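S.K.: This structure is in structure tokens; I'll ask about it shortly.
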């Protein structure tokens with residue numbers, strides 16, 4: 001008999017497996033969250049105000065994902081309809097010390113974070129006597145410690161309850177398959193609890209196996225979500241790219257959340273740009289020698305959630321679809337319509353770079369760059385695709 005092929009097990013990612021993932025803007029009160037929300041969404045849904053808990057319910061908006069490929073494809077095809085990719089963003093009420101025990105809007109705040117898939121954590125590094133700080137003074141490292149501590153405490157409380165429930169079930173004993181599964185789950189939940197309380201490590205920072213990730217994903221833990229740290233500077237500090245707190249912040253994150261991304265930006269600068277036309281904003285950035293940080297923030301969050309894109313193109317419509325990286329062709333077809341996944345036949349694919357280099361689809365085909373892929377094809381970011389499917393059963 002021929003030797004068995006080594007089948008590489010696909011790594012399961014932390015987080016929900018869907019394509020319609022959401023990010024939440026998190027931070028202490030009065031750090032610039034709602035003004036940032038208004039700037040990034042170009043909306044007035046937020047409720048910025050100079051007092052804690054100005055935002056009570058999480059506001060929601062969709063942010064267009066900046067992508068030069070999409071812009072070029074629209075220019076190339078000149079379609080009747082244009083649909084860019086978007087990212088759903090929530091502005092969540094400000095946290096305060098003691099939120100895990102219900103202080104301030106604590107329980108509501110933490111439940112809103114549980115509902116999102118990734119976190120924009122806004123950290124205040126600007127001094128302004130007119131904008132009160134809920135802790136009395138500006139100390140970003142202290143603020144980082146407060147938020148990390150509150151999220152870990154809440155996760156530990158939640159995991160402890162799950163653990164107690166599992167222990168009651170496994171105490172009955174027995175050798176059934178169901179009991180074996182419960183004991184395995186209990187061991188994993190115990191490991192998660194120890195991670196939070198003994199090792200004092202956020203869940204996302206530990207290397208978990210696939211079985212462990214499956215259990216963790218069912219818990220929707222706060223510390224399992226990817227975090228992008230947005231360091232809110234004054235406009236002056238952002239322009240000169242200097243701030244006395246930045247080295248301390250980097251040192252803290254390197255020690256306590258290694259690998260997490262730090263993006264310095266200025267809410268006041270971004271807010272000012274939104275009040276200008278595109279031409280005026282571009283001229284202002286050129287004059288000051290800086291760029292808006294918003295495109296980088298959006299793309300970094302998308303990457304942190306392991307999201308990518310494919311395109312469908314033609315004279316009728318150019319559309320950018322969002323999928324989780326690692327998605328296979330039938331599941332990508334299902335994003336367009338669920339019937340397409342069930343009746344998938346094949347995907348006809350070519351690459352954006354080939355189209356741009358060769359000029360049109362006929363040249364792509366003549367150059368042998370058109371590919372026909374089956375059910376096992378893993379979609380690549382930037383694929384241009386035509387899905388072929390059979391008739392759906394009624």
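Along the chain as shown, residues are numbered 1 onward.
In case you wondered, yes, glycine gets a Cβ from its N, Cα and C as well.
Just so you know, TrEMBL annotations are computer predictions that nobody has curated.
Heads up, here are the entries from TrEMBL:
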type: BINDING; residues: 30, 31, 32, 33, 34, 35, 233; note: ATP binding site
type: DOMAIN; residues: 21-285; note: domain 'OBG-type G'
type: DOMAIN; residues: 306-389; note: domain 'TGS'
S.K.: Which site among 30, 34, 233 has the most other CB atoms no more than 10 Å from its CB, taking these as binding-site residues?
M.R.: 233
S.K.: What span in Å does the ATP site cover, taken as the longest CA to CA distance among 30, 31, 32, 33, 34, 35, 233?
M.R.: 15
S.K.: Between 0 and 100, where does the mean pLDDT of the domain 'OBG-type G' (21-285) sit?
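M.R.: A mean pLDDT of 86 is what the model gives the domain 'OBG-type G' (21-285).
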S.K.: Per DSSP, how many helix, strand and coil residues does the domain 'TGS' (306-389) have?
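M.R.: So the domain 'TGS' (306-389) is made up of 26 helix, 34 strand, 24 coil.
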S.K.: What is the Cβ neighbour count of residue 33 (ATP binding site) at a 10 Å cut-off, with all protein chains included?
M.R.: 30
